[in-house]
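Colleague: Structure in structure tokens, see below.
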Amino acid sequence: MDAFATSPTSALIKAVNCIAHVTPMAGEDSSENRRASNYKPSTWDYEFLQSLATSHNTVQEKHMKMAEKLKEEVKSMIKGQMEPVAKLELINIVQRLGLKYRFESEIKEELFSLYKDGTDAWWVDNLHATALRFRLLRENGIFVPQDVFETFKDKSGKFKSQLCKDVRGLLSLYEASYLGWEGEDLLDEAKKFSTTNLNNVKESISSNTLGRLVKHALNLPLHWSAARYEARWFIDEYEKEENVNPNLLKYAKLDFNIVQSIHQGELGNLARWWVETGLDKLSFVRNTLMQNFMWGCAMVFEPQYGKVRDAAVKQASLIAMVDDVYDVYGSLEELEIFTDIVDRWDITGIDKLPRNISMILLTMFNTANQIGYDLLRDRGFNGIPHIAQAWATLCKKYLKEAKWYHSGYKPTLEEYLENGLVSISFVLSLVTAYLQTETLENLTYESAAYVNSVPPLVRYSGLLNRLYNDLGTSSAEIARGDTLKSIQCYMTQTGATEEAAREHIKGLVHEAWKGMNKCLFEQTPFAEPFVGFNVNTVRGSQFFYQHGDGYAVTESWTKDLSLSVLIHPIPLNEED
């Protein structure tokens with residue numbers, strides 16, 4: 001189906017209409033001229049996914065009413081009188097349950113009140129309180145200096161040895177240390193100290209609850225976790241606690257299921273779109289719709305951003321296919337033609353491409369133009385030039401990597417990363433999300449062009465996404481014949497072993513996070529939710545690539561989480 005069959009956007013840009021006859025290039029179907037991608041077929045049943053559009057988990061009206069009532073109760077809890085440490089712990093639980101977005105203003109108001117409180121006796125000698133206060137304030141945009149931890153060091157400048165026995169304090173210090181900036185050496189020391197000591201005691205912690213929290217944190221710190229994924233885990237964990245607040249737990253479950261129901265409807269519509277494009281029948285490229293929807297929920301899960309998710313998932317699904325064309329399937333001549341067409345944003349010359357590649361190209365054009373039309377209709381802003389520019393820049397980066405491969409050129413790590421932080425493709429998703437969410441008073445041609453120029457916040461996001469991708473996919477992609485990745489570039493450049501190269505890249509990840517953390521506090525033309533989109537795309541990558549390539553290959557851990565986050569609602573007690 002042509003997205004522009006009846007669209008008025010043709011006045012803005014030449015409409016892309018379905019082409020009845022695409023002249024195939026000689027040898028189009030000749031497998032000996034193509035490298036094999038060896039991708040496994042999708043394990044998801046697309047008929048089932050499509051059915052979610054109409055038969056998804058419908059939340060009962062009584063549960064909606066109950067959720068509204070409980071929401072007011074939780075709001076009263078947050079604003080109620082209690083000891084400062086208890087207030088911090090409540091806010092921490094609310095956030096981990098995935099409810100921060102429901103109480104954003106109340107949480108910030110309470111935290112600011114605690115920040116302005118001149119009394120420090122309640123936290124200054126309490127490692128848990130100091131670290132929890134530090135993390136929650138920084139997470140919510142209130143700067144706290146690192147030297148609040150100086151009081152926990154001895155005369156020699158090291159963390160006091162007796163802190164090794166304070167497991168809860170160590171855990172809070174560990175989580176706080178991940179919000180550090182470049183140059184904050186004390187937080188680097190805190191990260192090393194807490195990590196070492198938590199690893200030493202993790203198997204001997206007497207409290208089962210605390211032990212599980214420690215192991216979970218060592219596997220993935222909170223600051224690197226996607227909120228929606230973390231909420232699903234923590235709801236189950238919170239239910240096991242001795243001092244669980246039953247109404248808070250009930251509200252978390254209800255809200256999770258309500259949002260899940262909305263996501264299911266979106267996923268069903270996207271699955272239908274995907275099947276209608278016909279691209280699901282192309283065997284030489286990845287079919288990644290489900291993974292991309294999970295990624296979309298990591299980027300932004302809140303119900304009001306359905307259009308952002310829809311555009312992000314469609315673009316990401318097409319990006320995966322275009323990436324495969326450049327990396328594996330297309331000849332250099334075809335890639336030159338493809339890039340030129342995208343750069344001109346004009347399909348003249350498409351008849352020089354094979355039918356399979358033309359289908360992908362036309363779907364890309366139609367989808368981008370439809371997103372542009374929706375922006376014009378809903379926001380009165382022509383976003384097509386900016387979306388087209390992002391696609392063109394991405395394809396040029398892909399082409400450079402293809403030329404490296406075909407010529408046998410081996411880039412330095414720095415050269416590779418400069419290209420790779422854009423070729424990882426998230427600039428396109430971020431540009432589109434910016435166009436969809438920036439306030440109309442601030443949305444201008446110049447501001448959108450600035451996002452496309454890859455400013456520092458977007459740059460750190462791209463760099464981290466690239467590094468995580470390479471750590472998880474490097475070996476498999478080299479086996480498929482892809483261009484060298486950062487690990488191989490470093491090995492070639494320095495003579496390091498693969499193990500040493502991986503450690504170096506992991507070090508770059510930590511440093512890039514520090515840069516990202518600082519960007520969150522610097523003066524910037526960006527505001528929420530766009531700032532959050534940049535951080536959250538990285539958290540999605542961290543999840544998919546932490547144990548290998550959970551994106552290209554649907555591994556057990558990604559499928560299990562997808563089922564629990566998107567398909568299966570959280571069971572409620574019978575009285576609920």
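Glycine is no exception: its Cβ is also placed from the backbone N, Cα and C atoms.
Dumping what Swiss-Prot says about this protein:
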type: BINDING; residues: ARG286, ASP323, ASP327, ARG466, ASN469; note: (2E,6E)-farnesyl diphosphate binding site
type: BINDING; residues: ASP323, ASP327; note: Mg(2+) 2 binding site
type: BINDING; residues: ASP323, ASP327; note: Mg(2+) 1 binding site
type: MOTIF; residues: 323-327; note: motif 'DDXXD motif'
type: BINDING; residues: ASN469, THR473, GLU477; note: Mg(2+) 3 binding site
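What does the local environment look like for each feature on the list?
Modeller: The Cβ neighbour count for ASN469 ((2E,6E)-farnesyl diphosphate binding site), using a 10 Å radius and every protein chain shown, is 22. Secondary structure from DSSP puts ASN469 ((2E,6E)-farnesyl diphosphate binding site) in a helix.
In the three-state DSSP scheme, ASP323 ((2E,6E)-farnesyl diphosphate binding site) is classed as helix. Take the CB of ASP323 ((2E,6E)-farnesyl diphosphate binding site) and look out to 10 A: across all protein chains shown you find 20 other CB atoms.
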Colleague: Looking only at DSSP and grouping its letters into three states, which state does ARG286 ((2E,6E)-farnesyl diphosphate binding site) belong to?
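Modeller: For ARG286 ((2E,6E)-farnesyl diphosphate binding site) - judged by DSSP and reduced to three states - the answer is coil.
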Colleague: Between ARG466 ((2E,6E)-farnesyl diphosphate binding site) and THR473 (Mg(2+) 3 binding site), find the distance joining the two CA atoms and give it rounded to the nearest Å.
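Modeller: Taking the Cα atoms only, ARG466 ((2E,6E)-farnesyl diphosphate binding site) lies 10 Å from THR473 (Mg(2+) 3 binding site).
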Colleague: What Cα-Cα separation, expressed in whole Å, is found between ASP327 ((2E,6E)-farnesyl diphosphate binding site) and THR473 (Mg(2+) 3 binding site)?
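Modeller: Checking the Cα atoms of ASP327 ((2E,6E)-farnesyl diphosphate binding site) and THR473 (Mg(2+) 3 binding site) gives a distance of 13 Å.
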Colleague: C-alpha of ARG286 ((2E,6E)-farnesyl diphosphate binding site) to C-alpha of THR473 (Mg(2+) 3 binding site): distance in Å?
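Modeller: Given the Cα positions, ARG286 ((2E,6E)-farnesyl diphosphate binding site) is 14 Å from THR473 (Mg(2+) 3 binding site).
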Colleague: If you count other CB atoms within 10 A of each CB, which of ARG286, ASP327, ARG466, THR473 wins among these binding-site residues?
Modeller: ARG466
